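Asks: Could you have a look at this structure, given as structure tokens, before my questions?
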Amino acid sequence: MDGKSNYSRLLIALLMILFFGGIVLQYICSTSDWQLLHLASLSSRLGSRAPGDRLNGAGAGDPYSSEDGALVRFVPRFNFTTKDLSRAVDFHIKGDDVIVFLHIQKTGGTTFGRHLVRNIQLERPCECHAGQKKCTCYRPGKRDTWLFSRFSTGWSCGLHADWTELTNCVPSFMSNRESQERRMTPSRNYYYITILRDPVWRYLSEWRHVQRGATWKASKHMCDGRLPTLTELPSCYPGDDWSGCSLEEFMVCPYNLANNRQTRMLADLSLVGCYNLTVMSENQRWAMLLESAKRNLRNMAFFGLTEYQRKTQYLFEHTFRLSFIAPFTQLNGTRAASVEVEPETQRRIRELNQWDVELYEYARDLFLQRFQFARQQERREARQRRIQERRKLRAKVKSWLGVTGKAVFKPTKEPPMTEQSPAFAEEKQADAERTLESETEGQVEENWLEEDDGEIMLDYLENVEQWR
């Protein structure tokens with residue numbers, strides 16, 4: 001009987017200890033604190049995203065690592081400065097800043113342009129109505145647009161206007177839309193963006209588009225204040241369009257603007273005499289255009305690649321601090337992809353577009369390095385947030401326990417020296433050792449709580465991951 005009574009008392013005591021222990025834990029740390037720490041630990045395993053950071057997509061794990069279906073190791077070929085890689089602009093949508101979209105034919109720009117007007121989380125979303133080609137993208141509280149693109153302002157500087165046309169046209173166009181009072185304000189910021197595509201598949205896509213009757217005759221090709229003459233820019237076909245042309249016919253025309261289109265549209269044509277081919281040799285002309293296109297691409301606020309939709313979305317969001325509503329999707333079922341092209345034909349297309357091939361390799365390298373740089377920057381920020389949460393938790397625990405983590409000794413007046421017995425001296429020495437051990441344990445705990453503070457971040461190139 002006594003045994004059962006003792007057992008009952010012990011069980012009741014244990015239950016009371018557990019009950020009061022739970023109350024103490026809830027008092028020390030609120031539920032949100034523990035959730036934050038748990039989520040921080042979990043996010044570090046899923047790509048070092050801090051609590052509250054939104055994953056770009058609903059998939060588990062890293063949504064970027066294998067979007068293109070290949071897990072090859074990316075090795076940077078070009079050396080870029082931190083200024084080239086760091087892309088985070090202070091875009092004031094409520095101010096006067098404008099995003100200008102340079103739309104190159106057959107690069108997926110139509111899809112991206114629709115994302116800009118229909119898929120961005122905004123305080124004042126663009127107003128798009130069925131049957132209308134353009135959307136109204138006004139700033140909050142103003143009747144002033146923040147976006148210059150096909151689907152917002154239309155082809156206001158010409159059909160598929162290039163870099164040369166846009167940089168000379170957009171500022172004056174925006175000023176003409178404003179009142180006289182607003183024209184006196186300081187000049188606004190124009191953030192140019194574009195999308196590039198693999199040159200071979202872009203070229204095939206343009207051929208198929210022209211084969212179906214597209215001409216782009218409305219393009220102005222304005223340069224240095226004038227239009228090109230027919231001698232400078234002759235046509236590849238005599239009729240109204242080039243519908244039904246074969247790939248061979250498309251390739252043999254020496255005046256075909258599809259050749260190296262991306263390089264030409266991103267370069268400053270004024271540097272080479274616009275479309276006057278007699279100013280310099282062809283190789284010298286294209287070499288200058290390539291360097292100009294590379295320079296403009298580096299200085300653009302943002303550019304994306306059709307082959308990397310999710311990374312394109314991520315870099316745009318990272319650059320402008322804007323978020324898309326729905327994730328981008330990688331669609332490979334284009335008309336160009338359905339064309340069966342012999343290896344020899346592909347080689348000829350690459351030769352015809354050798355400057356675009358060089359530009360795309362350069363752009364791809366810069367794009368992936370920017371992505372890697374942004375991801376590591378995001379991880380550093382998430383790590384700092386975890387450190388701050390850990391410090392807050394430590395401070396709350398110490399505040400409740402009423403300790404500082406370190407022993408504090410106050411000087412006291414020593415008593416007169418008296419002869420001490422060996423036993424008393426030995427006991428005093430043991431007390432001193434226990435005090436030192438306790439202080440050391442407190443310092444170890446302090447160091448453990450701040451172990452992340454002393455870590456050194458390796459250069460991002462030394463830790464290149466499997467991105468492509």
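Please read every residue number as a count from 1 along the shown chain.
Note that Cβ sites are derived from N, Cα and C of the backbone, with glycine treated the same way.
What Swiss-Prot records for this protein is below:
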type     : residues                                               : note
TOPO_DOM : 1-9                                                    : topological domain 'Cytoplasmic'
TRANSMEM : 10-30                                                  : transmembrane segment
BINDING  : 103-111, Arg197, Ser205, 329-331, 335-336              : 3'-phosphoadenylyl sulfate binding site
BINDING  : Lys133, Lys134, Arg150, Trp155, His160, His209, Trp216 : substrate binding site
ACT_SITE : His160                                                 : active site, proton acceptor
REGION   : 409-447                                                : region 'Disordered'
COMPBIAS : 425-437                                                : compositional bias 'Basic and acidic residues'
COMPBIAS : 438-447                                                : compositional bias 'Acidic residues'
Asks: Give me the mean pLDDT over the topological domain 'Cytoplasmic' (1-9), rounded to a whole number.
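Replies: That stretch averages a pLDDT of 67.
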Asks: Give me the Cα-Cα distance between His103 (3'-phosphoadenylyl sulfate binding site) and His209 (substrate binding site), rounded to a whole Å.
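Replies: That comes out at 16 Å between the alpha carbons.
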Asks: Out of Lys133, His160, His209, point to the one nearest Gln105 (3'-phosphoadenylyl sulfate binding site) in space (Cα versus Cα); all of them are binding-site residues in the record.
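Replies: Out of the listed candidates, the nearest Cα belongs to His160.
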Asks: In terms of DSSP three-state secondary structure, what is the assignment for Gly109 (3'-phosphoadenylyl sulfate binding site)?
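Replies: Its secondary structure by DSSP: helix.
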Asks: Measure from the Cβ of Ser205 (3'-phosphoadenylyl sulfate binding site) and count the other Cβ atoms within 10 Å, all protein chains considered.
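Replies: Step by step: centre on the Cβ of Ser205 (3'-phosphoadenylyl sulfate binding site), count other Cβ atoms within 10 Å, giving 23.
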Asks: Three-state secondary structure of Ser205 (3'-phosphoadenylyl sulfate binding site) from DSSP?
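Replies: In three-state terms, Ser205 (3'-phosphoadenylyl sulfate binding site) counts as helix.
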Asks: Arg150 (substrate binding site) has how many other Cβ neighbours within 10 Å of its own Cβ?
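Replies: The answer is 21.
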Asks: Report, as a single number, how many Cβ atoms besides its own are within 10 Å of the Cβ of Gln105 (3'-phosphoadenylyl sulfate binding site).
Replies: 22
